[in-house]
Amino acid sequence: MDIRAAEISAILKDQIKNYGAEAKVSDVGSVLSVGDGIARVYGLDEVKAGELVEFPGGIKGMALNLERDNVGCVIFGDDRGIKEGDTVKRLGSIVDTSVGKGLLGRVVDGLGEPIDGKGPLKGVAERRRVDVKAPGIIPRKSVHEPMATGIKAIDAMIPVGRGQRELIIGDRQTGKTAIALDTILNQKAINEGDDESAKLYCIYVAVGQKRSTVAQIVKTLEENGALDYTIIVAATASDPAPMQFLAPFTACAMAEYFRDNGMHALIVYDDLSKQAVAYRQMSLLLRRPPGREAYPGDVFYLHSRLLERAAKLNEANGSGSMTALPIIETQANDVSAYIPTNVISITDGQIFLETDLFYQGIRPAVNVGLSVSRVGSAAQTKAMKQVAGKMKGELAQYREMAAFAQFGSDLDAATQKLLNRGQRLTELLKQPQFSPLSMEEQVCVIYAGTRGYLDKLPTSDVQRYEADLLRHLHGEHAALLASIRTEKKLTDDSESQLKAALAKFTEHFA
């Protein structure tokens, strides 16, 4: 065997010359203490606020408190497998989530991972950061398109527009979630149509709710054919506080994908009181100084930075919109508590639900006097404005008179007429759950109420009258309903047709 020394030395020299020391360097630290979903970590010198870190077993966390000698991290998962001395690795990225139409019809957790057992996500467009800045002033446009809820009391007197933030506030068990679900179900007709620019994709965020409640909501949406255009983000009561804090931001990033691509999204935060409680828990465990009601000082910023991301964009930015319906739970109708006042001041109006009304059988239990929509009237269809314009005033007068009428028995004819009309309008605004009405149906029904067609009926017959009237209109006057739907206003011709139809129907109603 011939060994050529020169050749071997040439090969070795070449190997040495081209040798690259490719050592993988990762910034690591070690756990000092862990408990209650919070880990104190020593040694992550270069970590940034809000950056993701990884604990043993693939459990992720987020660095929130950067102190001189340690870093306070919140853990997105079970902290029982983490112990003192464990190695923690920087991931060099901020929390992000999958977005796109592939998420429609799915149930995901607070990090955007599927939890519905239907396999991995398909058709995902991209990944987006969950906490981004809201659009500035220039890309926005004032709200001008209606976002129909299908609920008479809301669409007539507290109208919501696309791009608005309308708070739903009330005690527990007053029907807050029911209003949000009705709104999602009401989009079915639009979403089954061919007009892509009118479609409204819905995202429902369940924060700190029972798993059985979330399962019931999924079932309701599925049975009514609404799950196909809805994404459900669930951080339930058994999930760690960091997941409950993060879920609304994750869902918001999903809605922003639709908004930024010229589409329309509706997002329901159910509810932000529980998100604030989760954030308070995290802040106190991280030893941040407490403020009013033990919430941290930046709890206002927590909600404002989330809700400011709902917007209507102008034509140059694709004309997309994102409408937010945040829900807040009050204690004993106390609207002046810390979180309720914060969110009322951030949003563009509120729908106030009352326990007393609910128990009187007025459902949805909307207190029309305290509820307001600050920008929605610009988005209301002309037809609805024409028929419901005076309704809020009439009901306010009725409530005032009803309070006085309790004391006196002899009332003049005008007062008696006002009380009669008010009782019938209140009865007319009642609506069963999961039965939203289209705009043209609402217009006809409210026209009958405000123009005095119900004044001679017994109050107990009002709801039967409404059901029979709608059946009659669909059967005999389908063209009239179609004309109101396409024109979006009551023309002289359609108004005279409606008057004739109502007069004839009321005469024969028994």
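Any Cβ shown, glycine's included, is placed from N, Cα and C.
Applying an 8 A CB threshold to same-chain residues 6+ apart, the list for K176 (ATP binding site) reads I168, I169, G170, D270, D271, I327, E329, L353. What Swiss-Prot records for G170, D171, R172, Q173, T174, G175, K176, T177 is ATP binding site, and it gives sequence analysis as the kind of evidence.
According to Swiss-Prot, the feature site 'Required for activity' maps to S371. All protein chains shown were included, and the count of other CB atoms within 10 Å of the CB of S371 (site 'Required for activity') stands at 22.
Listed binding-site residues: G170, G175; maximum Cβ neighbour count within 10 Å falls on G170. Taking all protein chains in view, 26 other C-beta atoms sit within 10 angstroms of the C-beta of T174 (ATP binding site). By a simple count of nearby Cβ atoms, those within 10 Å, the most crowded of the binding-site residues Q173, T177 is T177. If you take the C-beta of R172 (ATP binding site) and look for same-chain residues 6 or more apart in sequence within under 8 angstroms, you find E329. Sequence-distant neighbours of D171 (ATP binding site): residues of the same chain at least 6 apart with a C-beta under 8 Å from its C-beta are E329, T330, Q331, A332, N333, L353, E354, T355. It is 17 Å from the Cα atom of T177 (ATP binding site) to that of S371 (site 'Required for activity').
Rounded to the nearest whole angstrom, the C-alpha distance between G175 (ATP binding site) and S371 (site 'Required for activity') is 15.
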